[in-house]
Amino acid sequence: MRLLTVAAMRRVDAAAIDGGVPGLALMEAAGAAVADRARARLPAGGRVVVLCGPGNNGGDGFVAARRLAEAGYAVDLFCLGEPSKLTGDAAHAAGTWTGPVRAADGAALPSCDLVIDALFGAGLSRDLDGAARALVEAVNAAGGPVLAVDVPSGVDGDTGAVRGSAIRAVETVTFVTFKPGHLLEPGRSLCGQLSLADIGTGPAALEAGLAACAPLYRNGPELWGRDFPRLTAASHKYTRGHALVLSGPATKTGAARLAARGALRVGAGLVTVASPAAAIAENAAHLTAIMLRPCESADDLDDLLTDERLNVILAGPGLGTGEPTRERVAVAAAAGRGLVLDADALTSFAGKAPLLAAHLADGDARAVLTPHAGEFARLFDGTDAMAEGADKVTRSRAAAALTGAVVVFKGADTVIAAPDGRAAINDHGSPYLGTAGSGDVLCGLIAGLLAQGMEPFAAAAAGVWLHGDAGLRHGPGLIAEDIPELMPAVLRDRVESTRG
Ligand SMILES: NC(=O)C1=CN([C@@H]2O[C@H](COP(=O)(O)OP(=O)(O)OC[C@H]3O[C@@H](n4cnc5c(N)ncnc54)[C@H](O)[C@@H]3O)[C@@H](O)[C@H]2O)[C@@H](O)CC1
Ligand SMILES: [K+]
């Protein structure tokens, strides 16, 4: 699913109105969708408090309030600011509300079954303060369920950032498509369940919105399913790619093995772990289908790469930081194969992002970098490309443009960005994935997909999603070793069944 920025969503609304759909009809449809979701959460005849703000988000609230009152619910409506100052469609919607309008400024809210938050949506233009902030904090302190209209008030629709203070909702109803702030943290967590309503803007208006912003997607099989490796009767292990995983020394081999198992389980035909000779026995004690080769240095790696069938190199987990790792990365990048760099391979270039970029450009590698927040900051903060205070999507895109690699900026809201500006936000995952070695498996999954010929952006997005799916289906007690073992079920249920 494509996501639209706040500005692009305005473009959709404007194009729909230009195309003959009255703005009031859009507001009526938006308010009706909110009322429907409220009814799903309310007991029959239940009590609802509707909080309306000074713009069209408030207008949606007035429509929802009217519809709920008509349906027999007890509705208390509070308006932030003077109702007489409402303009346009919002003023019209307020005019159709026949119940009392109470002042929200400083009011004690009655107890209720549900609060509808229609204070601020796409028009949030500054941090909440004064009466607005006090109201938001009072609603959160009361702790009852809140249904947010468009976005939880105080959440920035483009970045997911909290502007001063923000509503914590159990559900957010939004319109047409999601915005980045619905999927980026902390916005994602504050939204609660996400619901999407069609308000009749139509396909032409949507096209106008899509043309008004760079391609940004919610990560899912519809983004990469068509590119997912497909076996034919003629497939064999050499057509399914051969991934080479660089292992650390004898005391640091586990991370490479986790990555290697991820690559094999996701379908790579062959996987080899290359380690210092002293670590081979350790690796051999734990691996069976995965092959082992000695590799002490960048020169050894160069020799290994004379085997043209090694089409992907994965470097970083457990490798150690410093010059020897930088040399191996240089050799791996120059080989012009698929390349996944994680952990120590990234930290070895802390403050040296241009050097890494030069290596990657050297071999025109099909490269994917998988930093977590700390690795990302060490690598990219302070570079000219990184605007201070920018959101995660902007930062990821800048890092991808700088390095020419696909960047997987990991976290609860992992962002995948390509050098050509495509980006995706992943919200298909679980906090149980935050466990030792989980990231090693992720980069192995990506390497295994690259080995099978997926292009780097698709391989990265698919790897992140499959990893997330494993986390969702296992839950408590998940350890990194479980993730590769879950792949057969994940692939069968989620990929094979969805692509027909
Ligand atoms: N035709 C459209 O544009 C449609 C818009 N819809 C709704 O309209 C919303 C956008 O409406 P608006 O553009 O009027 O914007 P909002 O209703 O989100 O808010 C704008 C108002 O809030 C004030 N404001 C902004 N930040 C503030 C802050 N921190 N503290 C105090 N006041 C602040 C602004 O001065 C302005 O008066 C959407 O989120 C959606 O809910 C829907 O009705 C569907 C159709
Ligand atoms: K809102």
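Any Cβ shown, glycine's included, is placed from N, Cα and C.
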Listed in TrEMBL for the AMP site shared with LYS410, GLY411, ALA412, ASP413, THR414, one of GLY382, GLY439, GLY444: GLY439
Residue from ASN56, ASN57 that TrEMBL also lists as binding K(+) with ASP117, SER153: ASN57
Average pLDDT across the domain 'YjeF N-terminal' (9-207), rounded to a whole number: 97
Which same-chain residues, if any, lie at least 6 apart from SER153 (K(+) binding site) yet have Cβ under 8 Å of it: GLY53, ASN57, ASP117, LEU119, PHE120, GLY121, LEU124, LEU128, ALA132, VAL136, ALA166, ILE167
Integer Å distance between the CA atoms belonging to ALA412 (AMP binding site) and GLY59 ((6S)-NADPHX binding site): 33
Cα within 10 Å of THR414 (AMP binding site) - qualifying binding-site residues among ASN56, ALA122, SER125, ASP150: none
Spatial neighbours of ALA412 (AMP binding site) that are distant in sequence (at least 6 apart) but have CB under 8 A: GLU185, ARG188, SER189, GLY429, PRO431
Sequence-distant neighbours of ASP150 ((6S)-NADPHX binding site) in its chain (C-beta under 8 A, six or more apart): ALA30, ASN57, ASP60, GLY121, ALA122, GLY157, THR172, VAL173, THR174, PHE175
Annotated binding-site residues ASN57, ASP117, SER153, LYS410, GLY411, filtered by Cβ under 6 Å to ligand 2: ASN57, ASP117, SER153
Secondary-structure category, per DSSP, in which HIS372 ((6S)-NADPHX binding site) falls: coil
